[in-house]
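Listed features, source Swiss-Prot:
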- Ala2: N-acetylalanine (MOD_RES)
- Gly19, Ser20, Gly21, Lys22, Thr23, Thr24, Ser178, Lys179, Met180, Asp181: GTP binding site (BINDING)
- Asn78: site 'Stabilizes the phosphate intermediate' (SITE)
Amino acid sequence: MAGAAPTTAFGQAVIGPPGSGKTTYCLGMSEFLRALGRRVAVVNLDPANEGLPYECAVDVGELVGLGDVMDALRLGPNGGLLYCMEYLEANLDWLRAKLEPLRGHYFLFDCPGQVELCTHHTSLRSIFSQMAQWDLRLTAVHLVDSHYCTDPAKFISVLCTSLATMLHVELPHVNLLSKMDLIEHYGKLAFNLDYYTEVLDLSYLLDHLASDPFFSHYRQLNEKLVQLIEDYSLVSFIPLNIQDKDSIQRVLQAVDKANGYCFGVQEQRSLEALMSAAVGADFHFSSTLGIQEKYLASSDQTAEQEAMQL
């Protein structure tokens with residue numbers, strides 16, 4: 001029937017550690033999508049989120065409150081949040097009843113920031129799996145603060161966390177380096193930006209760590225971690241400045257390709273636009289180079305000097 005609501009829905013599960021910019025991303029992405037003409041519903045799955053800057057279509061706080069759980073069960077913030085997710089998992093009928101009237105919208109799920117929820121705890125994964133049974137196609141959008149690139153040890157840690165998340169969540173996955181406009185506020189990058197976004201030869205990071213007296217004692221451990229990351233060869237990043245429309249568009253292009261939205265029937269596209277969405281997301285070098293020129297200070301001389309020191 002022409003007036004029937006579409007059976008398949010699409011959306012993004014926005015995940016990442018605390019402070020990575022998930023809520024700000026949901027606000028910026030929702031505004032961008034509405035400007036494109038998409039009907040958007042933002043769903044807050046974080047019971048600790050207060051003072052939300054966006055219009056919330058569904059709020060898990062209506063089902064269970066973190067403060068109430070902490071008081072009643074004498075749990076801390078982390079334990080209370082895990083309980084809230086387990087409670088939501090046990091009451092998915094409530095969530096489905098809230099989402100069903102929004103069928104035909106594009107969903108943005110603002111998820112909690114506790115890392116363990118995406119690396120080894122099962123509740124969030126089970127919730128996403130159940131959504132797939134409701135014919136809701138999600139892409140996991142994993143945000144990581146870009147300033148971690150300025151510290152080789154932290155960047156290796158980020159790579160391990162990103163890999164563990166990709167393997168555990170079991171969704172089409174897009175990793176983002178958020179807050180690109182602030183990337184060098186904590187220090188200069190040792191290499192060009194594409195080294196970090198494409199996760200190139202990580203042995204160079206090991207050489208940088210070896211120059212640090214503290215990390216030199218853990219070289220074998222770091223070598224094994226790097227080997228694990230390179231053996232899987234799954235992790236890469238897209239740089240994002242949520243204030244930059246071109247940057248948001250590149251992210252959306254990758255997300256649409258990952259969950260199949262660009263090939264759906266909800267949004268009419270010309271053949272040229274379809275091919276652009278299908279192929280263009282695979283080639284990030286030119287866009288990454290543009291972002292580097294925009295947000296990073298010229299460092300050719302510094303790079304040469306550091307290369308001489310290796």
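Note: Cβ is positioned from N, Cα and C throughout, glycine not excepted.
The Cβ of Ser178 (GTP binding site) lies under 8 Å from the Cβ of Gly16, Ser20, Gly21, Tyr25, Leu143, Val144, Asp145, Ser146, Leu240, Ile242, each of these being in the same chain and 6 or more residues away along the sequence. Straight-line distance linking the Cα atoms of Thr23 (GTP binding site) and Asn78 (site 'Stabilizes the phosphate intermediate'), rounded to a whole number, equals 19 Å. Figure note: comparing Cβ neighbours within 10 Å for the binding-site residues Gly19, Gly21, the maximum is reached by Gly21.
Cβ neighbour density within 10 Å is lowest for Asn78 among the recorded positions Thr23, Asn78. Across the annotated binding residues for GTP (Gly19, Ser20, Gly21, Lys22, Thr23, Thr24, Ser178, Lys179, Met180, Asp181), the two most widely spaced Cα atoms sit 17 Å apart. Cα to Cα, Met180 (GTP binding site) and Asn78 (site 'Stabilizes the phosphate intermediate') are separated by 29 Å. Mapped onto three states, the DSSP output places Gly19 (GTP binding site) in coil.
For Asn78 (site 'Stabilizes the phosphate intermediate') paired with Gly19 (GTP binding site), the C-alpha to C-alpha distance reads 15 Å. All protein chains included, Met180 (GTP binding site) registers 25 other Cβ atoms within 10 Å of its own Cβ.
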